[in-house]
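Annotated features in TrEMBL:
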- D36: active site, proton acceptor (ACT_SITE)
- D177: active site, proton donor (ACT_SITE)
- S9, H68, G144, F145, G146, N147, D177, G178, G179, G199, T200: substrate binding site (BINDING)
- H34, D36, H68, D177: divalent metal cation binding site (BINDING)
Amino acid sequence: MKKFFLAASILSADFARLGEDTKNVIDSGSDLIHFDVMDNHYVPNLTMGPMILQSLRNYNITAPIDVHLMVKPVDNLIPQFAKAGATFITFHPEATDHIERTLTLIKEHGCKAGLAFNPTTPLNFLDYILEKLDLILLMSVNPGFGNQSFLRSTLKKLREVKKIIDTNFSDILLEVDGGIKLENIAEIALSGANVFVIGTGLFQHANYNLIIKKIRKELRDVYSKRIH
Ligand code: DX5
Ligand code: ZN
């Protein structure tokens, strides 16, 4: 099994040719498609709904799709995204009144469940629900837009979450989202992340294959250094 996973954030893709661009990043070596859902309420931007996800599945995108819900409320969208073909559904704890209920709803619809933490959201939301999670997402920018700078305070938080995961002998995926580039991915991996969301850092390059190769090389070098 791979130790590190790349999740291409199609927020930075060309929306006029979304199917083709999505297929290209998968064919170029991306493991997952990261699908950012924004509602102009929980975050000040508006993006894609379940119909677009369904269109990608109809276009023969078979890779896992990692849905990042930046919406409030959360629950009524879960059945729709599950039906459209989501693999992971991740939400922000502040956006739902009953975190456990929302996690259970995701599982009942056959998807993997994730919890997303904004840069200043405290980690105590993890208390009592760790065993229900498949993924923890740490935002390294404030949610709402692509192409922002990586907040370095995330590195400390990452180490804290990695410690929680390890002490509980858990295999929860630890994902980081925002401002990840070829230049900083090694440091982020060394701090404990194993799923890397990359939007601008991937789509701004003309040759996806080449940039993904370079990123994988950085990650291979980390793998030889990191103590597991
Ligand atoms: C921001 C989104 C991110 C975004 C990351 O709210 O959750 O997934 O696409 O984009 P980059 O990699 O450009 O920071
Ligand atoms: Zn995201």
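Every residue gets a Cβ built from N, Cα and C, even glycine.
Just so you know, TrEMBL annotations never went through curation; they're auto-generated.
The structure, with features from TrEMBL marked on it.
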{"residue": "S9", "record": "substrate binding site", "Cβ neighbours (10 Å)": "27"}
{"residue": "H34", "record": "divalent metal cation binding site", "Cβ neighbours (10 Å)": "27"}
{"residue": "D36", "record": "active site, proton acceptor", "Cβ neighbours (10 Å)": "24"}
{"residue": "H68", "record": "divalent metal cation binding site", "Cβ neighbours (10 Å)": "27"}
{"residue": "G144", "record": "substrate binding site", "Cβ neighbours (10 Å)": "16"}
{"residue": "G146", "record": "substrate binding site", "Cβ neighbours (10 Å)": "19"}
{"residue": "D177", "record": "active site, proton donor", "Cβ neighbours (10 Å)": "27"}
{"residue": "G179", "record": "substrate binding site", "Cβ neighbours (10 Å)": "23"}
{"residue": "T200", "record": "substrate binding site", "Cβ neighbours (10 Å)": "17"}
Near G144 (substrate binding site), which recorded positions out of H34, D36, H68, D177 have their CA within 10 Å?
D36
Can you give me the Cα-Cα distance between T200 (substrate binding site) and D36 (active site, proton acceptor) in Å, rounded to a whole number?
13
Other than S9, H68, G144, F145, G146, N147, D177, G178, G179, G199, T200, the chain contributes near substrate (Cβ within 8 Å of their centroid) the residues L11, S12, D36, V141, Q148, V197
